[in-house]
Amino acid sequence: MAAHRWAVWAVLLLRLLVPAARVLANMEGDALHSLRTNLVDPNNVLQSWDPTLVNPCTWFHVTCNNDNSVIRVDLGNAALSGTLVPQLGQLKNLQYLELYSNNISGTIPSELGNLTNLVSLDLYLNNFTGPIPDSLGNLLKLRFLRLNNNSLSGSIPKSLTAITALQVLDLSNNNLSGEVPSTGSFSLFTPISFANNPSLCGPGTTKPCPGAPPFSPPPPYNPPTPVQSPGSSSSTGAIAGGVAAGAALLFAIPAIGFAWYRRRKPQEHFFDVPAEEDPEVHLGQLKRFSLRELQVATDTFSNKNILGRGGFGKVYKGRLADGSLVAVKRLKEERTPGGELQFQTEVEMISMAVHRNLLRLRGFCMTPTERLLVYPYMANGSVASRLRERPPSEPPLDWRTRRRIALGSARGLSYLHDHCDPKIIHRDVKAANILLDEDFEAVVGDFGLAKLMDYKDTHVTTAVRGTIGHIAPEYLSTGKSSEKTDVFGYGIMLLELITGQRAFDLARLANDDDVMLLDWVKGLLKEKRLEMLVDPDLQSNYIDVEVESLIQVALLCTQGSPTERPKMAEVVRMLEGDGLAERWEEWQKIEVVRQEVELGPHRNSEWIVDSTDNLHAVELSGPR
(Lines of atoms letter the chains of each structure in order from A and count residues from 1; the text may use other names and numbers.)
(Lines give C-alpha, C1' and ligand atoms only; values in the text may rest on other atoms or scores of the structure.)
Protein backbone atom coordinates (compact mmCIF):
# COMPACT_ATOMS: atom_id res chain seq x y z
CA MET A 1 0.00 0.00 0.00
CA ALA A 2 2.83 2.38 0.90
CA ALA A 3 4.62 1.55 -2.35
CA HIS A 4 1.46 2.28 -4.33
CA ARG A 5 1.09 5.63 -2.55
CA TRP A 6 4.69 6.56 -3.42
CA ALA A 7 4.10 5.61 -7.06
CA VAL A 8 1.06 7.88 -7.21
CA TRP A 9 3.04 10.77 -5.74
CA ALA A 10 5.89 10.16 -8.19
CA VAL A 11 3.52 10.32 -11.16
CA LEU A 12 1.98 13.54 -9.86
CA LEU A 13 5.43 15.04 -9.29
CA LEU A 14 6.50 14.17 -12.85
CA ARG A 15 3.36 15.79 -14.23
CA LEU A 16 4.29 18.96 -12.39
CA LEU A 17 8.00 18.96 -13.23
CA VAL A 18 7.90 18.05 -16.93
CA PRO A 19 5.82 21.08 -17.98
CA ALA A 20 8.04 23.29 -15.81
CA ALA A 21 11.15 21.92 -17.53
CA ARG A 22 9.58 22.54 -20.91
CA VAL A 23 8.77 26.10 -19.95
CA LEU A 24 12.35 26.64 -18.78
CA ALA A 25 13.80 25.04 -21.91
CA ASN A 26 11.57 27.10 -24.16
CA MET A 27 12.05 30.43 -22.34
CA GLU A 28 14.88 31.48 -24.64
CA GLY A 29 12.90 30.40 -27.69
CA ASP A 30 9.93 32.45 -26.51
CA ALA A 31 12.15 35.50 -25.99
CA LEU A 32 13.60 35.22 -29.49
CA HIS A 33 10.17 34.64 -31.01
CA SER A 34 8.97 37.82 -29.30
CA LEU A 35 11.84 39.61 -31.00
CA ARG A 36 10.85 38.13 -34.34
CA THR A 37 7.26 39.31 -34.03
CA ASN A 38 8.47 42.87 -33.35
CA LEU A 39 10.80 42.97 -36.35
CA VAL A 40 10.01 43.52 -40.00
CA ASP A 41 11.95 40.95 -42.02
CA PRO A 42 11.75 41.69 -45.77
CA ASN A 43 14.38 39.10 -46.70
CA ASN A 44 12.97 36.28 -44.53
CA VAL A 45 16.23 35.79 -42.65
CA LEU A 46 14.17 34.76 -39.61
CA GLN A 47 12.12 32.18 -41.47
CA SER A 48 13.64 29.31 -39.48
CA TRP A 49 12.62 30.85 -36.14
CA ASP A 50 9.75 28.41 -35.63
CA PRO A 51 7.98 28.86 -32.27
CA THR A 52 6.76 25.25 -32.36
CA LEU A 53 10.34 24.04 -31.95
CA VAL A 54 11.31 23.81 -28.29
CA ASN A 55 15.02 24.30 -28.98
CA PRO A 56 16.04 27.58 -30.69
CA CYS A 57 19.52 26.13 -31.25
CA THR A 58 18.29 24.77 -34.59
CA TRP A 59 17.46 28.26 -35.86
CA PHE A 60 19.69 30.14 -38.27
CA HIS A 61 21.66 33.10 -36.86
CA VAL A 62 21.49 31.58 -33.35
CA THR A 63 24.47 29.88 -31.70
CA CYS A 64 24.25 27.70 -28.59
CA ASN A 65 26.76 26.14 -26.22
CA ASN A 66 26.96 22.46 -25.31
CA ASP A 67 24.17 22.95 -22.77
CA ASN A 68 21.80 24.20 -25.50
CA SER A 69 21.78 27.71 -24.06
CA VAL A 70 21.76 30.60 -26.53
CA ILE A 71 25.13 32.38 -26.44
CA ARG A 72 25.02 34.35 -29.69
CA VAL A 73 22.43 36.11 -31.83
CA ASP A 74 23.92 37.37 -35.09
CA LEU A 75 21.52 39.45 -37.18
CA GLY A 76 23.90 42.09 -38.45
CA ASN A 77 23.29 43.63 -41.88
CA ALA A 78 19.98 41.79 -42.34
CA ALA A 79 17.76 44.73 -43.48
CA LEU A 80 15.60 44.35 -40.37
CA SER A 81 13.38 47.11 -39.01
CA GLY A 82 10.99 47.36 -36.07
CA THR A 83 11.87 47.51 -32.38
CA LEU A 84 13.61 45.44 -29.72
CA VAL A 85 11.70 43.70 -26.94
CA PRO A 86 12.36 43.56 -23.18
CA GLN A 87 12.22 39.74 -23.33
CA LEU A 88 15.79 39.79 -24.67
CA GLY A 89 16.82 40.21 -21.05
CA GLN A 90 15.83 36.57 -20.48
CA LEU A 91 18.76 35.25 -22.52
CA LYS A 92 20.87 34.87 -19.39
CA ASN A 93 23.80 33.11 -21.09
CA LEU A 94 23.99 35.40 -24.12
CA GLN A 95 27.53 36.56 -24.90
CA TYR A 96 27.16 38.25 -28.31
CA LEU A 97 24.22 40.36 -29.47
CA GLU A 98 24.92 41.49 -33.05
CA LEU A 99 22.17 43.69 -34.52
CA TYR A 100 24.32 46.22 -36.38
CA SER A 101 23.60 47.74 -39.81
CA ASN A 102 19.82 47.42 -39.78
CA ASN A 103 16.95 49.91 -39.54
CA ILE A 104 15.81 49.02 -36.03
CA SER A 105 14.26 51.94 -34.15
CA GLY A 106 12.77 52.72 -30.74
CA THR A 107 14.64 52.71 -27.47
CA ILE A 108 17.26 50.29 -26.17
CA PRO A 109 15.47 48.11 -23.58
CA SER A 110 16.82 48.55 -20.07
CA GLU A 111 16.38 44.78 -19.65
CA LEU A 112 19.57 44.29 -21.67
CA GLY A 113 21.28 45.10 -18.38
CA ASN A 114 20.24 41.62 -17.20
CA LEU A 115 22.56 39.97 -19.73
CA THR A 116 25.45 39.75 -17.29
CA ASN A 117 27.42 37.31 -19.48
CA LEU A 118 27.38 39.66 -22.45
CA VAL A 119 30.80 40.25 -24.03
CA SER A 120 29.81 42.20 -27.16
CA LEU A 121 26.84 44.52 -27.75
CA ASP A 122 26.75 45.82 -31.32
CA LEU A 123 23.76 48.04 -32.11
CA TYR A 124 25.53 50.52 -34.38
CA LEU A 125 24.15 51.83 -37.69
CA ASN A 126 20.48 51.68 -36.70
CA ASN A 127 17.81 54.25 -35.80
CA PHE A 128 17.69 53.88 -32.01
CA THR A 129 16.46 56.88 -30.04
CA GLY A 130 16.22 57.81 -26.38
CA PRO A 131 18.87 57.44 -23.67
CA ILE A 132 21.55 54.84 -23.15
CA PRO A 133 20.13 52.66 -20.34
CA ASP A 134 21.91 53.10 -17.03
CA SER A 135 21.47 49.35 -16.51
CA LEU A 136 24.16 48.62 -19.11
CA GLY A 137 26.62 49.36 -16.32
CA ASN A 138 25.71 45.92 -14.92
CA LEU A 139 27.43 44.22 -17.86
CA LEU A 140 30.78 43.79 -16.13
CA LYS A 141 32.04 41.24 -18.70
CA LEU A 142 31.37 43.56 -21.61
CA ARG A 143 34.41 44.15 -23.83
CA PHE A 144 32.84 45.71 -26.93
CA LEU A 145 30.11 48.36 -26.77
CA ARG A 146 29.27 49.95 -30.11
CA LEU A 147 26.20 52.19 -30.24
CA ASN A 148 27.51 54.61 -32.86
CA ASN A 149 25.51 56.00 -35.79
CA ASN A 150 22.11 56.09 -34.12
CA SER A 151 20.00 58.97 -32.75
CA LEU A 152 20.58 58.35 -29.05
CA SER A 153 20.12 61.32 -26.73
CA GLY A 154 20.68 62.27 -23.11
CA SER A 155 23.84 61.92 -21.07
CA ILE A 156 26.34 59.08 -21.00
CA PRO A 157 25.58 56.95 -17.90
CA LYS A 158 28.38 57.10 -15.36
CA SER A 159 27.64 53.46 -14.56
CA LEU A 160 29.50 52.50 -17.73
CA THR A 161 32.79 53.60 -16.17
CA ALA A 162 32.58 50.60 -13.82
CA ILE A 163 32.96 48.14 -16.72
CA THR A 164 36.67 47.50 -16.30
CA ALA A 165 36.71 44.85 -19.05
CA LEU A 166 35.65 47.39 -21.68
CA GLN A 167 38.15 47.47 -24.55
CA VAL A 168 36.23 49.14 -27.37
CA LEU A 169 33.70 51.94 -26.92
CA ASP A 170 32.05 53.78 -29.80
CA LEU A 171 29.28 56.27 -29.06
CA SER A 172 30.05 58.53 -32.00
CA ASN A 173 27.49 60.03 -34.39
CA ASN A 174 24.57 60.37 -31.97
CA ASN A 175 22.81 63.25 -30.20
CA LEU A 176 24.30 62.70 -26.74
CA SER A 177 24.80 65.65 -24.42
CA GLY A 178 26.46 66.63 -21.16
CA GLU A 179 29.88 65.88 -19.75
CA VAL A 180 31.79 62.81 -20.84
CA PRO A 181 32.81 60.74 -17.80
CA SER A 182 36.56 60.58 -17.38
CA THR A 183 36.98 58.06 -14.56
CA GLY A 184 37.31 54.30 -14.52
CA SER A 185 37.47 52.58 -17.89
CA PHE A 186 36.63 55.86 -19.65
CA SER A 187 40.03 57.31 -18.77
CA LEU A 188 41.58 55.32 -21.62
CA PHE A 189 39.22 56.31 -24.42
CA THR A 190 40.02 59.10 -26.85
CA PRO A 191 37.70 61.69 -28.47
CA ILE A 192 37.16 59.36 -31.42
CA SER A 193 34.83 57.29 -29.19
CA PHE A 194 32.54 60.31 -28.73
CA ALA A 195 32.95 62.18 -32.04
CA ASN A 196 30.05 63.98 -33.75
CA ASN A 197 27.94 64.47 -30.64
CA PRO A 198 27.80 68.30 -30.74
CA SER A 199 26.41 68.67 -27.22
CA LEU A 200 29.03 66.55 -25.46
CA CYS A 201 31.80 68.29 -23.55
CA GLY A 202 34.67 67.55 -21.21
CA PRO A 203 38.13 66.00 -21.35
CA GLY A 204 36.89 63.11 -23.49
CA THR A 205 36.10 65.60 -26.24
CA THR A 206 37.74 68.65 -27.74
CA LYS A 207 35.16 70.97 -26.14
CA PRO A 208 35.28 72.17 -22.50
CA CYS A 209 32.07 72.15 -20.50
CA PRO A 210 30.45 75.51 -19.59
CA GLY A 211 32.07 77.02 -16.50
CA ALA A 212 35.06 74.72 -16.70
CA PRO A 213 38.54 76.11 -17.44
CA PRO A 214 39.59 75.72 -21.07
CA PHE A 215 41.79 72.78 -21.83
CA SER A 216 43.93 71.56 -24.65
CA PRO A 217 43.80 67.92 -25.68
CA PRO A 218 47.15 66.19 -25.15
CA PRO A 219 49.23 66.09 -28.32
CA PRO A 220 50.11 62.71 -29.80
CA TYR A 221 53.55 61.41 -28.96
CA ASN A 222 56.24 62.61 -31.36
CA PRO A 223 59.16 60.16 -31.75
CA PRO A 224 62.64 61.63 -31.31
CA THR A 225 65.08 62.17 -34.13
CA PRO A 226 67.98 59.69 -33.90
CA VAL A 227 71.42 60.97 -32.93
CA GLN A 228 73.53 61.55 -36.03
CA SER A 229 76.79 59.70 -36.26
CA PRO A 230 79.34 59.16 -39.08
CA GLY A 231 77.72 57.11 -41.83
CA SER A 232 74.25 57.75 -40.45
CA SER A 233 71.65 59.78 -42.28
CA SER A 234 68.36 58.54 -40.85
CA SER A 235 65.62 61.03 -40.25
CA THR A 236 62.02 60.85 -39.20
CA GLY A 237 58.88 62.62 -40.34
CA ALA A 238 56.61 64.34 -37.92
CA ILE A 239 53.45 62.61 -36.78
CA ALA A 240 50.33 64.36 -38.11
CA GLY A 241 48.96 66.72 -35.50
CA GLY A 242 52.12 66.40 -33.39
CA VAL A 243 54.12 69.27 -32.06
CA ALA A 244 57.85 69.87 -32.05
CA ALA A 245 58.14 70.46 -28.33
CA GLY A 246 59.24 66.91 -27.52
CA ALA A 247 61.88 66.90 -30.23
CA ALA A 248 63.12 70.32 -29.21
CA LEU A 249 63.50 69.10 -25.65
CA LEU A 250 65.59 66.18 -26.80
CA PHE A 251 67.80 68.38 -28.92
CA ALA A 252 68.30 70.62 -25.89
CA ILE A 253 69.93 67.74 -24.09
CA PRO A 254 71.90 65.95 -26.82
CA ALA A 255 74.47 64.74 -24.34
CA ILE A 256 71.95 62.33 -22.85
CA GLY A 257 71.14 60.82 -26.21
CA PHE A 258 74.78 60.63 -27.23
CA ALA A 259 75.77 58.98 -23.96
CA TRP A 260 73.04 56.41 -24.46
CA TYR A 261 74.20 55.80 -28.01
CA ARG A 262 77.76 55.14 -26.82
CA ARG A 263 76.48 52.62 -24.27
CA ARG A 264 74.79 50.46 -26.92
CA LYS A 265 76.20 47.02 -27.56
CA PRO A 266 77.98 46.89 -30.92
CA GLN A 267 75.90 43.94 -32.20
CA GLU A 268 72.54 45.65 -31.60
CA HIS A 269 70.81 47.36 -34.49
CA PHE A 270 68.07 49.15 -32.56
CA PHE A 271 67.45 52.79 -31.85
CA ASP A 272 65.23 53.66 -28.91
CA VAL A 273 64.79 56.43 -26.41
CA PRO A 274 65.23 55.91 -22.67
CA ALA A 275 62.16 54.49 -20.97
CA GLU A 276 61.61 57.57 -18.82
CA GLU A 277 61.41 59.69 -21.97
CA ASP A 278 59.08 57.29 -23.78
CA PRO A 279 55.75 57.68 -21.98
CA GLU A 280 52.94 55.24 -22.59
CA VAL A 281 50.68 56.40 -25.37
CA HIS A 282 47.20 54.90 -25.60
CA LEU A 283 44.89 55.06 -28.60
CA GLY A 284 41.76 53.82 -26.84
CA GLN A 285 43.13 50.54 -25.43
CA LEU A 286 46.07 50.48 -27.87
CA LYS A 287 49.37 50.79 -26.04
CA ARG A 288 52.63 52.15 -27.39
CA PHE A 289 55.43 49.95 -26.07
CA SER A 290 59.03 50.99 -25.71
CA LEU A 291 61.50 48.92 -27.66
CA ARG A 292 63.20 47.97 -24.39
CA GLU A 293 59.96 46.39 -23.12
CA LEU A 294 59.73 44.19 -26.19
CA GLN A 295 63.42 43.32 -26.13
CA VAL A 296 63.04 42.11 -22.55
CA ALA A 297 59.80 40.28 -23.37
CA THR A 298 61.36 38.34 -26.26
CA ASP A 299 64.84 37.85 -24.79
CA THR A 300 66.25 40.35 -27.31
CA PHE A 301 64.32 38.72 -30.15
CA SER A 302 65.94 35.37 -29.55
CA ASN A 303 65.62 32.77 -32.29
CA LYS A 304 64.27 30.31 -29.74
CA ASN A 305 61.18 32.52 -29.40
CA ILE A 306 60.36 32.66 -33.12
CA LEU A 307 56.79 31.50 -33.70
CA GLY A 308 56.85 31.93 -37.46
CA ARG A 309 58.15 33.78 -40.48
CA GLY A 310 56.19 35.42 -43.24
CA GLY A 311 56.24 37.98 -45.97
CA PHE A 312 55.92 40.79 -43.44
CA GLY A 313 58.59 39.64 -41.01
CA LYS A 314 59.17 37.35 -38.06
CA VAL A 315 56.82 36.71 -35.14
CA TYR A 316 58.23 36.19 -31.64
CA LYS A 317 56.63 34.82 -28.52
CA GLY A 318 57.06 37.18 -25.58
CA ARG A 319 56.12 37.60 -21.95
CA LEU A 320 55.41 41.11 -20.70
CA ALA A 321 56.24 42.42 -17.25
CA ASP A 322 52.68 41.68 -16.08
CA GLY A 323 53.13 38.02 -17.02
CA SER A 324 50.86 38.04 -20.06
CA LEU A 325 51.96 36.24 -23.21
CA VAL A 326 52.07 38.13 -26.49
CA ALA A 327 53.07 37.61 -30.10
CA VAL A 328 55.41 40.35 -31.34
CA LYS A 329 55.56 40.84 -35.10
CA ARG A 330 58.79 42.51 -36.13
CA LEU A 331 58.10 44.02 -39.52
CA LYS A 332 60.65 44.18 -42.28
CA GLU A 333 60.29 47.14 -44.58
CA GLU A 334 62.35 49.85 -46.18
CA ARG A 335 62.48 53.06 -44.19
CA THR A 336 61.35 56.12 -46.11
CA PRO A 337 61.04 59.74 -44.99
CA GLY A 338 57.58 60.26 -43.57
CA GLY A 339 57.12 56.54 -43.03
CA GLU A 340 56.39 57.08 -39.34
CA LEU A 341 53.21 58.96 -40.17
CA GLN A 342 52.05 56.29 -42.58
CA PHE A 343 52.82 53.54 -40.08
CA GLN A 344 50.93 55.23 -37.24
CA THR A 345 47.98 55.89 -39.54
CA GLU A 346 47.80 52.24 -40.55
CA VAL A 347 48.19 51.11 -36.95
CA GLU A 348 45.26 53.28 -35.93
CA MET A 349 43.16 51.85 -38.75
CA ILE A 350 44.02 48.28 -37.78
CA SER A 351 43.20 48.98 -34.13
CA MET A 352 39.69 50.12 -35.08
CA ALA A 353 38.90 46.74 -36.66
CA VAL A 354 37.58 44.90 -33.62
CA HIS A 355 35.53 41.74 -33.99
CA ARG A 356 35.28 38.38 -32.22
CA ASN A 357 36.91 36.71 -35.23
CA LEU A 358 39.71 39.21 -35.84
CA LEU A 359 43.09 39.21 -34.10
CA ARG A 360 43.05 42.26 -31.84
CA LEU A 361 46.02 44.58 -32.00
CA ARG A 362 47.20 45.11 -28.43
CA GLY A 363 49.92 47.67 -29.10
CA PHE A 364 52.80 48.80 -31.24
CA CYS A 365 56.35 50.10 -31.11
CA MET A 366 57.83 52.62 -33.51
CA THR A 367 61.40 53.87 -33.62
CA PRO A 368 63.44 55.26 -36.50
CA THR A 369 64.73 51.75 -37.23
CA GLU A 370 61.99 49.45 -35.96
CA ARG A 371 58.30 48.77 -36.55
CA LEU A 372 56.69 46.20 -34.25
CA LEU A 373 53.12 45.11 -33.62
CA VAL A 374 51.99 43.38 -30.42
CA TYR A 375 49.12 40.88 -30.44
CA PRO A 376 47.65 38.48 -27.88
CA TYR A 377 49.35 35.10 -27.98
CA MET A 378 47.20 32.36 -29.54
CA ALA A 379 48.09 29.19 -27.66
CA ASN A 380 46.43 26.85 -30.16
CA GLY A 381 48.42 28.13 -33.11
CA SER A 382 47.06 28.36 -36.63
CA VAL A 383 44.68 26.19 -38.61
CA ALA A 384 47.60 25.16 -40.84
CA SER A 385 49.70 23.98 -37.89
CA ARG A 386 46.75 22.09 -36.42
CA LEU A 387 46.05 20.38 -39.72
CA ARG A 388 49.59 19.43 -40.69
CA GLU A 389 52.06 19.99 -37.86
CA ARG A 390 50.32 18.80 -34.72
CA PRO A 391 52.19 16.48 -32.35
CA PRO A 392 50.92 12.88 -32.40
CA SER A 393 49.83 13.30 -28.78
CA GLU A 394 47.27 15.97 -29.69
CA PRO A 395 43.91 15.10 -31.28
CA PRO A 396 43.14 16.38 -34.79
CA LEU A 397 40.58 19.10 -35.39
CA ASP A 398 37.19 17.39 -35.32
CA TRP A 399 34.55 18.10 -37.94
CA ARG A 400 32.41 20.30 -35.70
CA THR A 401 35.42 22.50 -34.91
CA ARG A 402 36.27 22.78 -38.61
CA ARG A 403 32.74 23.95 -39.35
CA ARG A 404 33.04 26.59 -36.63
CA ILE A 405 36.38 27.72 -38.06
CA ALA A 406 34.82 28.09 -41.51
CA LEU A 407 31.99 30.25 -40.19
CA GLY A 408 34.09 32.29 -37.78
CA SER A 409 36.75 33.19 -40.33
CA ALA A 410 34.04 34.13 -42.84
CA ARG A 411 32.50 36.48 -40.28
CA GLY A 412 35.87 38.09 -39.62
CA LEU A 413 36.57 38.70 -43.31
CA SER A 414 33.06 40.01 -43.86
CA TYR A 415 33.66 42.56 -41.11
CA LEU A 416 36.88 43.74 -42.77
CA HIS A 417 35.12 44.19 -46.11
CA ASP A 418 31.79 45.67 -45.04
CA HIS A 419 32.30 47.39 -41.70
CA CYS A 420 35.73 49.02 -41.91
CA ASP A 421 36.12 52.44 -43.52
CA PRO A 422 38.28 52.31 -45.52
CA LYS A 423 37.62 48.64 -46.14
CA ILE A 424 40.52 46.32 -45.45
CA ILE A 425 41.56 43.78 -48.06
CA HIS A 426 43.59 40.97 -46.52
CA ARG A 427 45.29 39.71 -49.70
CA ASP A 428 46.75 36.58 -48.09
CA VAL A 429 43.86 34.53 -46.73
CA LYS A 430 45.10 31.04 -45.93
CA ALA A 431 45.02 28.45 -43.17
CA ALA A 432 48.30 29.76 -41.74
CA ASN A 433 46.71 33.17 -41.15
CA ILE A 434 43.62 31.80 -39.39
CA LEU A 435 44.57 31.49 -35.72
CA LEU A 436 42.79 29.60 -32.96
CA ASP A 437 42.10 31.01 -29.51
CA GLU A 438 41.75 29.05 -26.29
CA ASP A 439 38.24 27.92 -27.34
CA PHE A 440 39.37 27.00 -30.86
CA GLU A 441 37.41 29.94 -32.23
CA ALA A 442 38.76 31.20 -35.55
CA VAL A 443 40.66 34.49 -35.39
CA VAL A 444 41.80 36.09 -38.67
CA GLY A 445 45.34 37.43 -38.37
CA ASP A 446 47.74 39.46 -40.51
CA PHE A 447 45.01 41.74 -41.84
CA GLY A 448 45.80 45.37 -42.54
CA LEU A 449 49.50 44.74 -43.04
CA ALA A 450 49.18 45.12 -46.79
CA LYS A 451 48.13 48.51 -48.12
CA LEU A 452 44.64 49.47 -47.04
CA MET A 453 41.95 49.44 -49.68
CA ASP A 454 40.23 52.74 -50.30
CA TYR A 455 36.49 52.72 -49.76
CA LYS A 456 35.65 53.19 -53.45
CA ASP A 457 38.70 52.38 -55.51
CA THR A 458 40.33 49.12 -56.50
CA HIS A 459 43.86 48.97 -55.17
CA VAL A 460 46.61 48.38 -57.71
CA THR A 461 49.94 47.18 -56.36
CA THR A 462 53.35 46.97 -57.94
CA ALA A 463 54.07 43.70 -56.12
CA VAL A 464 51.60 40.86 -55.75
CA ARG A 465 51.39 39.77 -52.12
CA GLY A 466 50.14 36.33 -51.26
CA THR A 467 51.01 32.66 -51.17
CA ILE A 468 51.18 30.24 -54.09
CA GLY A 469 47.97 28.28 -54.35
CA HIS A 470 45.89 30.93 -52.61
CA ILE A 471 46.32 33.83 -55.05
CA ALA A 472 43.29 34.66 -57.18
CA PRO A 473 44.06 34.47 -60.93
CA GLU A 474 43.07 38.09 -61.67
CA TYR A 475 45.31 39.37 -58.86
CA LEU A 476 48.24 37.37 -60.15
CA SER A 477 47.81 38.56 -63.73
CA THR A 478 46.88 42.22 -63.22
CA GLY A 479 48.02 43.16 -59.71
CA LYS A 480 44.49 44.36 -58.91
CA SER A 481 43.07 43.21 -55.60
CA SER A 482 39.55 43.53 -54.27
CA GLU A 483 37.26 41.84 -51.77
CA LYS A 484 36.87 39.02 -54.28
CA THR A 485 40.61 38.36 -54.01
CA ASP A 486 40.01 37.45 -50.37
CA VAL A 487 36.95 35.38 -51.29
CA PHE A 488 39.13 33.23 -53.56
CA GLY A 489 41.72 32.73 -50.81
CA TYR A 490 38.95 31.88 -48.37
CA GLY A 491 37.61 29.21 -50.74
CA ILE A 492 41.05 27.60 -50.91
CA MET A 493 41.25 27.74 -47.10
CA LEU A 494 37.94 25.83 -46.94
CA LEU A 495 39.46 23.12 -49.12
CA GLU A 496 42.43 22.99 -46.73
CA LEU A 497 40.00 22.49 -43.84
CA ILE A 498 38.18 19.69 -45.65
CA THR A 499 41.19 17.85 -47.05
CA GLY A 500 43.92 18.67 -44.55
CA GLN A 501 46.22 19.23 -47.53
CA ARG A 502 48.38 22.14 -48.62
CA ALA A 503 47.14 24.57 -51.25
CA PHE A 504 50.31 23.95 -53.26
CA ASP A 505 52.20 20.70 -52.80
CA LEU A 506 54.79 19.29 -55.19
CA ALA A 507 54.55 15.98 -53.32
CA ARG A 508 51.27 15.30 -55.13
CA LEU A 509 53.25 14.92 -58.36
CA ALA A 510 54.45 11.54 -57.07
CA ASN A 511 50.93 10.22 -57.67
CA ASP A 512 50.51 12.14 -60.94
CA ASP A 513 48.12 14.47 -59.14
CA ASP A 514 47.80 18.23 -59.52
CA VAL A 515 50.11 20.34 -57.39
CA MET A 516 47.36 22.94 -56.94
CA LEU A 517 44.80 21.86 -54.34
CA LEU A 518 41.88 23.38 -56.24
CA ASP A 519 42.67 21.40 -59.39
CA TRP A 520 43.25 18.22 -57.37
CA VAL A 521 39.84 18.60 -55.73
CA LYS A 522 38.12 19.27 -59.06
CA GLY A 523 39.75 16.19 -60.56
CA LEU A 524 38.44 13.95 -57.79
CA LEU A 525 34.98 15.48 -58.07
CA LYS A 526 34.89 14.77 -61.80
CA GLU A 527 35.67 11.15 -60.95
CA LYS A 528 32.97 11.22 -58.24
CA ARG A 529 35.49 10.25 -55.55
CA LEU A 530 34.25 12.54 -52.81
CA GLU A 531 35.40 10.19 -50.07
CA MET A 532 39.01 10.69 -51.22
CA LEU A 533 38.77 14.41 -50.51
CA VAL A 534 38.14 14.28 -46.79
CA ASP A 535 41.06 14.49 -44.37
CA PRO A 536 41.93 10.93 -43.24
CA ASP A 537 42.54 12.31 -39.74
CA LEU A 538 38.76 12.65 -39.38
CA GLN A 539 38.44 8.84 -39.65
CA SER A 540 35.00 9.14 -41.24
CA ASN A 541 33.72 11.14 -38.24
CA TYR A 542 31.95 13.77 -40.32
CA ILE A 543 28.54 14.44 -41.83
CA ASP A 544 28.42 13.86 -45.58
CA VAL A 545 25.87 16.56 -46.33
CA GLU A 546 27.93 19.14 -44.41
CA VAL A 547 31.07 18.20 -46.32
CA GLU A 548 29.16 18.60 -49.58
CA SER A 549 27.85 21.99 -48.51
CA LEU A 550 31.33 23.21 -47.59
CA ILE A 551 32.73 22.01 -50.93
CA GLN A 552 29.93 23.83 -52.73
CA VAL A 553 30.77 27.06 -50.92
CA ALA A 554 34.47 26.57 -51.68
CA LEU A 555 33.81 26.09 -55.41
CA LEU A 556 31.54 29.13 -55.56
CA CYS A 557 34.29 31.18 -53.89
CA THR A 558 37.01 30.01 -56.28
CA GLN A 559 35.31 30.71 -59.60
CA GLY A 560 37.66 32.13 -62.20
CA SER A 561 35.76 35.37 -62.66
CA PRO A 562 35.79 37.61 -59.56
CA THR A 563 32.36 39.02 -60.46
CA GLU A 564 30.84 35.55 -60.14
CA ARG A 565 32.21 34.91 -56.66
CA PRO A 566 29.92 35.72 -53.71
CA LYS A 567 30.71 38.47 -51.24
CA MET A 568 31.89 37.35 -47.81
CA ALA A 569 28.59 38.49 -46.29
CA GLU A 570 26.83 36.09 -48.69
CA VAL A 571 29.28 33.35 -47.73
CA VAL A 572 28.36 33.81 -44.07
CA ARG A 573 24.68 33.46 -44.90
CA MET A 574 25.31 30.35 -47.02
CA LEU A 575 27.29 28.73 -44.21
CA GLU A 576 24.38 29.47 -41.90
CA GLY A 577 22.10 27.63 -44.33
CA ASP A 578 20.57 30.60 -46.09
CA GLY A 579 20.66 30.65 -49.90
CA LEU A 580 23.30 28.01 -50.68
CA ALA A 581 20.93 25.64 -52.49
CA GLU A 582 19.67 28.40 -54.77
CA ARG A 583 23.16 29.72 -55.51
CA TRP A 584 24.51 26.25 -56.23
CA GLU A 585 21.61 25.38 -58.54
CA GLU A 586 22.14 28.62 -60.44
CA TRP A 587 25.86 27.88 -60.78
CA GLN A 588 25.17 24.38 -62.11
CA LYS A 589 22.83 25.70 -64.80
CA ILE A 590 25.46 28.17 -65.97
CA GLU A 591 28.14 25.46 -66.05
CA VAL A 592 26.00 23.18 -68.21
CA VAL A 593 25.89 25.71 -71.05
CA ARG A 594 29.25 27.34 -70.52
CA GLN A 595 32.20 26.34 -72.64
CA GLU A 596 35.65 25.83 -71.20
CA VAL A 597 36.69 29.10 -69.57
CA GLU A 598 40.06 30.30 -70.71
CA LEU A 599 41.92 33.06 -68.96
CA GLY A 600 44.92 34.80 -70.52
CA PRO A 601 48.36 33.54 -69.50
CA HIS A 602 49.47 34.73 -66.09
CA ARG A 603 52.41 37.07 -66.02
CA ASN A 604 55.61 35.19 -65.10
CA SER A 605 53.60 32.14 -64.10
CA GLU A 606 53.52 29.75 -67.07
CA TRP A 607 53.93 26.83 -64.69
CA ILE A 608 50.68 27.47 -62.87
CA VAL A 609 47.89 25.04 -63.67
CA ASP A 610 44.68 26.79 -64.66
CA SER A 611 42.29 26.56 -61.71
CA THR A 612 39.20 27.51 -63.68
CA ASP A 613 38.52 24.21 -65.43
CA ASN A 614 34.87 23.52 -66.12
CA LEU A 615 33.44 20.99 -63.69
CA HIS A 616 30.53 20.24 -66.02
CA ALA A 617 28.05 20.78 -63.21
CA VAL A 618 29.51 18.34 -60.72
CA GLU A 619 26.79 16.83 -58.59
CA LEU A 620 27.50 17.03 -54.88
CA SER A 621 24.32 15.47 -53.64
CA GLY A 622 22.63 12.12 -53.50
CA PRO A 623 23.84 8.71 -52.31
CA ARG A 624 27.41 7.49 -52.76
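For all residues, glycine too, the Cβ spot is worked out from N, Cα and C.
According to Swiss-Prot, the feature compositional bias 'Pro residues' maps to 210-227. The domain 'Protein kinase' annotation in Swiss-Prot covers 301-588. Per Swiss-Prot, the feature repeat 'LRR 2' maps to 117-139. Per Swiss-Prot, repeat 'LRR 4' is recorded for 164-188, and the stated evidence type is sequence analysis.
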Notebook entry, point to check: In terms of Cβ proximity under 8 Å, which residues at least six beyond the ends of the repeat 'LRR 2' (117-139) contact it?
Noted result: 71, 76, 92-111, 145-163, 170-171, 176, 356
Margin query: Summarise the repeat 'LRR 2' (117-139) as counts of helix, strand and coil residues per DSSP.
Written below: 5 helix, 7 strand, 11 coil
Notebook entry, point to check: Under the DSSP assignment, what numbers of helix, strand and coil residues are found in the repeat 'LRR 4' (164-188)?
Noted result: 5 helix, 8 strand, 12 coil
